[in-house]
Amino acid sequence: MTIAVDLQGRPFHFIGIGGIGMSALAQVVTERQLPVSGSDIRRSHITDRLAQLGAQIFDRQAATNLEFFQEAVSAGQSPQVICSTAIHAHNEEYQAAIDLGCPVFHRSDLLAALLRVYESIAVAGTHGKTTTSGLIAYLLYQAGLDPTVVIGGEVNALGGNARLGQGRHLVAEADESDGSLVKLQAAIGIITNIELDHPDHYCDLEAVISTFKTFSDNCSQLIANWDCPTVRDRLPGTISYSLDPARGADYTVDQVSFRGSGTQARIWERGELLGRIHLPLLEAHNLSNALAAIAACRHLGMDFASIREGLAGFEGARRRFEFRGSAQGIQFVDDYAHHPSELAATLAAARLQIDSGCSRLPEVPKRLVAIFQPHRYSRTQAFLAEFAQSFGPADLVLISDIYAAGERNPGQLSGQTLADAIAQYQANVHYAPDLEAVEQRLHQLLQPGDLALFLGAGNLNQVIPRLLDHYACDRSAA
């Protein structure tokens, strides 16, 4: 007999509660007034927020955490233990959960249980999930529909990566990285695009498509991006959208204008003009994300005037071209891009702000400096050729060593390997092995007028505050 996640009062314990996906689930469960504890070896503003909401946070992973929590909440009722794919069977806390007889669930099991409670919208796809789900959540929130939100990135306008609403909708980001996407069922599913991005889990693109096919079958309605050939040909959906009117999709655009301050376009719905939008985000991929959000919100019955007003106020998710500050004429921006397609799109958007002379940033930059930390050995190895050709818009490139994310190096692969590959296409390429070396190298390379764009899903952005302090101190000394 399969044991289901209990949302009616049984306590929860999260192993790795500080992760961006785990913390979102923990926040919603905590706000549902259920007893929650969790462990994470890294304290952060996210774990601090959970503690303020009432969760008990342990700063190490140990068997005693579960024993203490079990005694505190109720004798004889063991907590439900939630873990992600990153938690291995040899983890001490995981083993303690098994020994104590606690039911252990993958985080996707909890998300699936929450999706069943609401009229749910689940956003899947290789790229654009966080921005699209954040947009939908923000549009519903601005319209007074008070959604519950569980997404994989922090949205300033929503106060973070999760919220418990009183409305009937739940907006969730649906992650395909470990194959658990197949467990999720939703009233509305969205597929933004399909590429091979997790070679550590999938052997080829067909395996990825199979996972998305199961997800598609589990959704009552599927909103599909027809600009992605794989989606268009294999999973066309019940509702379609495209930036190309010639494709004949249900939702499309024309009169598109990309300027430094954002994007303008006219929106069409099944051949009828809805009106013009202004989106304070750049590049075609963000307009595509907005079109997916429009399709979802229109299907839910929202009027276009409310959608247009909401889009104009959406400033994006954190670590998605996020301005972090400036000093001595150098502007620092943080972006989560870690796949060749994402890098190319983000760098193109940054280049546009320089070439157009119109920027979302406080000042129009003069030079684009791309600082990239590759994420995972498996991804770097699988897409080395694609990565090498992704940095064309940059004037200068600095590559750090690979953020392993728990993987072992399969051989002699390093950031230097990638830097050498990029150097075949780019003249001004540099390599620095670790964060300290990155910081010191940037002291030598950066100059007034630069846009220092930090790219990657690892911890590279930890350098940004130190650089801001360095240049601020230099100014004070002067």
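Glycine residues also receive a Cβ, built from the backbone N, Cα and C atoms like all the rest.
According to Swiss-Prot, the features are:
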| type | residues | note |
| --- | --- | --- |
| BINDING | Gly125, Thr126, His127, Gly128, Lys129, Thr130, Thr131 | ATP binding site |
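Projection of Swiss-Prot feature records onto the structure.
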{"residue": "Gly125", "record": "ATP binding site", "CB count, 10 Å": "24"}
{"residue": "Thr126", "record": "ATP binding site", "CB count, 10 Å": "22"}
{"residue": "His127", "record": "ATP binding site", "CB count, 10 Å": "21"}
{"residue": "Gly128", "record": "ATP binding site", "CB count, 10 Å": "24"}
{"residue": "Lys129", "record": "ATP binding site", "CB count, 10 Å": "25"}
{"residue": "Thr130", "record": "ATP binding site", "CB count, 10 Å": "24"}
{"residue": "Thr131", "record": "ATP binding site", "CB count, 10 Å": "27"}
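Reduced to three states, the DSSP call for Thr126 (ATP binding site) is coil. Same-chain residues that are not part of Gly125, Thr126, His127, Gly128, Lys129, Thr130, Thr131 yet have a Cβ within 8 Å of the Cβ center of the ATP site turn out to be Val123, Thr132, Thr192, Asn193, Asn289.
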